[in-house]
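Student: Structure in structure tokens, see below.
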Amino acid sequence: MSVDLAFDEQELLPAVAQDAESGDVLMLAYVSEEAVARSRETGYAHYYSRSREELWKKGGSSGHTQEIEEIRVDCDGDAILYLVEQAGGACHTGYDTCFHRTLDGDIVGEQVFDPEEIYE
């Protein structure tokens with residue numbers, strides 16, 4: 001890596017996934033150094049689950065993968081941006097993006113799959 005990344009005390013960084021074509025923000029997750037390395041090696045987004053305390057590939061269960069077109073780093077090196085080609089929905093709730101609701105609770109995104117059919 002030619003840019004120094006400023007991982008936090010848990011050795012994680014926030015990672016935003018953005019659709020490379022539309023510019024839509026798809027999700028926010030966290031990455032470890034290993035997740036970044038795996039993403040670069042495979043060309044597919046990998047993250048670190050804070051609740052399960054493990055590395056995971058986006059779409060590993062659902063098939064809704066994120067093929068990485070570019071990885072960008074913010075000015076402080078403490079967050080990264082995955083520019084991706086999203087296959088299927090990005091959100092585990094079935095929506096195209098995890099940002100599918102307003103603060104008032106209005107649904108503004110599109111549900112593109114039924115999570116009960118995917119995550120049995």
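Backbone N, Cα and C atoms are what each Cβ position is placed from, and that goes for glycine too.
Okay, so Swiss-Prot annotates it like this:
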BINDING   D74, D76, D78  Mg(2+) binding site
BINDING   C75, C91, C98  Zn(2+) binding site
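Map these features onto the structure and tell me what's around them.
Tutor: Annotation note: D78 (Mg(2+) binding site) sits in a coil segment as assigned by DSSP. Sequence-distant neighbours of D78 (Mg(2+) binding site) (same chain, 6+ residues apart, CB-CB distance under 8 A): L5, A6, F7, D8, L13, P14.
Neighbours of C98 (Zn(2+) binding site), defined as other CB atoms within 10 A of its CB across all chains, total 18.
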Student: Just name the most isolated of the binding-site residues C75, C91, going by other Cβ atoms within 10 Å of its Cβ.
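Tutor: Sparsest of the binding-site residues C75, C91 by Cβ contacts within 10 Å: C75.
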Student: Within a 10 Å radius around the Cβ, which one of these binding-site residues has the most neighbouring Cβ atoms: D74, D76?
Tutor: D74
